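Here TrEMBL flags A:39-59, A:71-96, A:102-127, A:134-153, A:199-217, A:229-245, A:251-273, A:294-317 as transmembrane segment.
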Amino acid sequence: MFEIYERFADLVVYNLLGLQKGMHLAEALHFFVYDTLKIFTLLTVIIFVVSFIRSFFPLEKTREILSKHKAVALPLAAFLGILTPFCSCSAVPMFIGFVEAGIPLGAAFTFLVASPMVNEVALGLLLTLFGVKVAVLYVIFGVIVAIVAGYVIEKLNPRELIADYVFQVKLGQTQIKEMTFKERLEFAKNNVKEILGKIWIYIIIAIGIGGFIHGYVPQDIVERVAKTAGLIAVPLAVLIGIPLYSNAAGILPVIQALIAKGVPLGTALAFMMATTALSFPEFMILKQIMKPKLIAFFAGIVGISIIAVGYLFNFIFTL
Amino acid sequence: MKEIKILSGTNCQNCELLYQVVSEIVKRKGIDAKVEKVVDIQEVLKYGVMTTPVLVVDGEVKHVGTPIPAPQKIEELIGG
């Protein structure tokens, strides 16, 4: 599918620049040219398609759907969380809106996890860098983590850890217009522009670092480090991931190069899930409506689930 | 005089951006309007929306969520 980019990279590196195959610099440059083209093509396509689908599921509609199917609220919230565009700054109104509609608290938490965790940029990058199998498993595990988090929190009965006013606010009449087909296309196009406009520089830098690793870092060193880090690598990756919120884009191409050199895939995936699902800004926003204890539970449950997924992934892919 | 409100979430960059773009358009075009940013969550929820930012002109919701529209489109929505 990307043969043309492969040939283009060959042309630039070997013919235009006259570098020899097998040289460190040639390997690094070839990786850079090929990966840049491939990643940006796929990200454009994937963000466009996902945004188009998402235009059918604004948060207000998601609320309506969930309130009609309370019996299956948890899995449904996980599924809709993936399809519903959601900025963590909307966490408070979302919470209140869900509570007002009688949606179980656990489902609100499930939604809160699923929506950022399975995001289009991460999905696009995983698909580009690691293939369909990894991308599909990422979605499945993302959904499982979200459902587990919601279920456990529901069982904790967190009602008294949530500010009273959440249960008292009345929502006004919803006045969201349906989009036309043309507006949906426009929405998807604008999303591509906005997201790529925000992350392109990180991706380029990351591919540059990835190219360097690919060309210059010897495989045995990485393998030795990965082996030494062993079991603590997964929780460590999750901890490092938390402050790096939403920069999955700037990390994955680096990780791809490291994985090619022997870093386990589950460790990388745990890292990425942590960057998108756990974030300090979101915790600060949630503080408006819930006690720190509940936020700590929430972060703990999601963190532990992600670590479990990391180990599971490492296990599956070393069989 | 028009009443323009930008309903915002806490710590929401896009809301801030929309507020600035709208304020600038109103100023540049000399539109007779009062531009106000609403962060109070209870006030925001009165409009029945949960996704921010929201552009409200004379009580009518004109735009919801991200990406925020291009400046020309916003100008149209304000009706300047």
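Each Cβ is built from the backbone N, Cα and C atoms, and glycine gets one as well.
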- Same-chain residues at least 6 beyond the ends of the transmembrane segment (A:39-59) with a Cβ under 8 Å from one of its Cβ atoms are 2, 5, 80, 83-86, 90, 94, 97, 120-121, 123-125, 127-129, 176, 179, 183-185, 187-189, 191-192, 195-196, 200, 203, 207, 253
- Note on the structure: Same-chain residues at least 6 beyond the ends of the transmembrane segment (A:199-217) with a Cβ under 8 Å from one of its Cβ atoms are 24-29, 31-32, 35-36, 39-40, 43, 121, 247, 249-254, 256-258, 260-261
- Item | Spatial neighbours of the transmembrane segment (A:134-153) far in sequence, C-beta under 8 Å, 6+ residues away | 74-75, 77-79, 81-82, 105-111, 113-114, 117-118, 122-123, 126-127, 265, 269, 273, 277, 294, 297-298, 301-302, 305-306, 309, 312-313, 316
